[in-house]
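> Per Swiss-Prot, transmembrane segment is recorded for 15-35. Annotation source Swiss-Prot lists topological domain 'Lumenal' at 36-388. Here Swiss-Prot flags Asn77, Asn81, Asn90, Asn111, Asn128, Asn364, Asn373 as N-linked glycosylation site. Residues or ranges marked as disulfide bond in Swiss-Prot: Cys114-Cys158, Cys229-Cys248. Sequence annotations record features per position, and here Swiss-Prot assigns Mn(2+) binding site to Asp236, His329. Feature annotation from Swiss-Prot assigns N-acetyl-D-glucosamine binding site to Gly298, Glu299, Asp300, Asp301, Arg340.
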Amino acid sequence: MRARRGLLRLPRRSLLAALFFFSLSSSLLYFVYVAPGIVNTYLFMMQAQGILIRDNVRTIGAQVYEQVLRSAYAKRNSSVNDSDYPLDLNHSETFLQTTTFLPEDFTYFANHTCPERLPSMKGPIDINMSEIGMDYIHELFSKDPTIKLGGHWKPSDCMPRWKVAILIPFRNRHEHLPVLFRHLLPMLQRQRLQFAFYVVEQVGTQPFNRAMLFNVGFQEAMKDLDWDCLIFHDVDHIPESDRNYYGCGQMPRHFATKLDKYMYLLPYTEFFGGVSGLTVEQFRKINGFPNAFWGWGGEDDDLWNRVQNAGYSVSRPEGDTGKYKSIPHHHRGEVQFLGRYALLRKSKERQGLDGLNNLNYFANITYDALYKNITVNLTPELAQVNEY
């Protein structure tokens, strides 16, 4: 009888254990889906740590190998010449070259192009993450009559090297926008760039589509001016150095290479998120961003693929110039886009079909003193893709 009861208890315990693990795994999967920002922060930190450890091992190995060679050659030289000359090995070493910026007494000329390395660009920025309202920002910059409606500004003492449209995808981040303007607007003025801000706001019930918002922002910005440089800027990324020059170049640029929440490490080589820049010509050549990424994740990886498929490489700032701080979030992030991996596997096939060339939208335009607001209600029907 006791043996029979034991047999009955065993399945019941197994069932309870199975229910417990099912509940735990379901809760974990739900958390990953609805709060991807937290989960992916830890994931990227682990990836970055792995890359750092790997690079350190390589560096240590190279140093040990070099010391062994130096010792061997030193012994040979001392035995032959009875001397201990320093050894000059014929191998390549990479050094971080210090960039020379112009002196304080540099003279500007209104008919000359503004240099890229200006004396006004000092380097580290004093970051203030305290929350403020747009009223405070409006009052702060209202004292500058050179800032025109929509946040348009250009230098008067030299000709801007780049005309830059700053595109900011936006939804329910009202506490972040003034913090970004407090730091970014003065930085761009010190860099002597001609610029304007475009806040592209998504309304409606669909998941956030960051990439499609960038495409909309591009189309609307080009109606205002013949911009030649585009900066795709997350609202919660604050640059820590004004020497991170927001101009474009011969290759697409990834500006935000070291983010504080990832321990200032690049999560993976193909990481292209946060803040990036392309010329108008480059952006059109790659057919813009994909429109098919609804929710968190994947669109930056697809952009990387598009850049590579078009024959470009990605440039990055040297050293600590690409450091950024991330404004803390007070709300849950966007849900995961679970279909991103299937789309990424078909990046090359989709590139000519999904992007600027299949984009449709209806925008409501309003003007703030510091930016042009482009409000759109996005749905998948606005960017349908034919079979590929």
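From the backbone N, Cα and C atoms, a Cβ is placed for every residue, glycine too.
The shown structure was predicted, so the numbers you read here are calculated from the model rather than taken from an experiment.
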> Hey, for the N-acetyl-D-glucosamine site built from Gly298, Glu299, Asp300, Asp301, Arg340, who else sits with CB inside 8 A of the CB center?
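Not counting the recorded site residues, we get Ala211, Pro290, Phe293, Gly297, Asp302, Leu303, Phe337, Leu343, Leu344.
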> What does the structure give for the C-alpha distance between Cys114 (disulfide bond) and Cys248 (disulfide bond)? Integer Å is fine.
14
> How many Å lie between the Cα of Glu299 (N-acetyl-D-glucosamine binding site) and the Cα of Asp236 (Mn(2+) binding site)?
17
> Nearest to Cys229 (disulfide bond) by Cα, among Gly298, Asp300, Asp301, His329, Arg340 (binding-site residues)?
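That would be Asp300, the closest of Gly298, Asp300, Asp301, His329, Arg340 to Cys229 (disulfide bond).
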> Specify the secondary structure state of Asn111 (N-linked glycosylation site) as given by DSSP, simplified to three classes.
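Its secondary structure by DSSP: coil.
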> Other Cβ atoms within 10 Å is the metric here; tell me which of the disulfide-bonded residues Cys114, Cys158, Cys248 scores highest.
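In terms of Cβ crowding, the pick is Cys248.
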> Assuming the binding residues for N-acetyl-D-glucosamine are exactly those in the record, Gly298, Glu299, Asp300, Asp301, Arg340, what is the maximum CA-CA distance in angstrom, rounded?
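Farthest Cα pair among residues binding N-acetyl-D-glucosamine: 11 Å.
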> Measuring CA to CA, name the entry from the recorded positions Asn128, Cys158, Asn364 that ends up nearest Asp236 (Mn(2+) binding site).
Asn128
> Can you tell which of the glycosylation sites (Asn111, Asn128, Asn364, Asn373) has the fewest other C-beta atoms within 10 angstroms of its C-beta?
Asn111
> Would you identify the secondary structure of Asn373 (N-linked glycosylation site) according to DSSP, in three states?
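Going by the DSSP assignment, Asn373 (N-linked glycosylation site) falls within a strand, counted as strand.
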